[in-house]
Amino acid sequence: MIRLIFLDIDKTLIPGYEPDPAKPIIEELKDMGFEIIFNSSKTRAEQEYYRKELEVETPFISENGSAIFIPKGYFPFDVKGKEVGNYIVIELGIRVEKIREELKKLENIYGLKYYGNSTKEEIEKFTGMPPELVPLAMEREYSETIFEWSRDGWEEVLVEGGFKVTMGSRFYTVHGNSDKGKAAKILLDFYKRLGQIESYAVGDSYNDFPMFEVVDKAFIVGSLKHKKAQNVSSIIDVLEVIK
């Protein structure tokens, strides 16, 4: 039996930005035999940082399901995708350049602030992110984050233009027609080729809902409600349930 767990990072695995609190959680999941899949709105660069710090070497999903990064040779069969460094990448979203092209048309009308038109200092202020992590968050490939706006209505304009606007733990994300569930389903199908699987997901926000729909058991940290997810106060509670 292959046991998989899809983990959101922000406010689910890690309360802030420091990886140390997550280390014992990851170790316990490894001891239970889990394949740990990060499924986050964070960029590839950010996730590579946390993967290194937490010693996680499995595939991962970036920017709200926009891309799946599979280490070369991870599966004992060919995976079709784009070769990028040491990964095979399955792209499900659209490039950030296209998103920013649209945001540029709207930023003055609606007072939008996002990564592409903000300084490092502004981003640090908006997010509370440590200065050394800001450049990693700025390495966006498939999405943009809306930090603030002065007028409502921009969401409707973007949706009418074919983009998706998704609420995360703190900010809205603009991306293509991708979500965490579609990406997770693709990985689940790969793992099913290896044998019987048992799948879990843990998240805390609306953008995690599609991920909950494709797994056997889901958990939501906090008070949001989802028909398929069990509410827990923290990821520590999840460990007790899935032992």
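Note: Cβ is positioned from N, Cα and C throughout, glycine not excepted.
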Per Swiss-Prot, member of Ser62, Ser150, Ser169 binding Mg(2+) alongside Asp8, Asp10, Asp204: Ser169
Neighbour count (Cβ, 10 Å) for Asp8 (Mg(2+) binding site): 27
Chain-mates of Asp8, Asp10, Ser169, Asp204 with C-beta within 8 Å of site centroid, Mg(2+): Ile9, Lys11, Thr12, Ser40, Ser41, Gly168, Gly203, Ser205, Asp208, Val221
C-beta crowding around Asp10 (Mg(2+) binding site), within 10 angstroms: 21
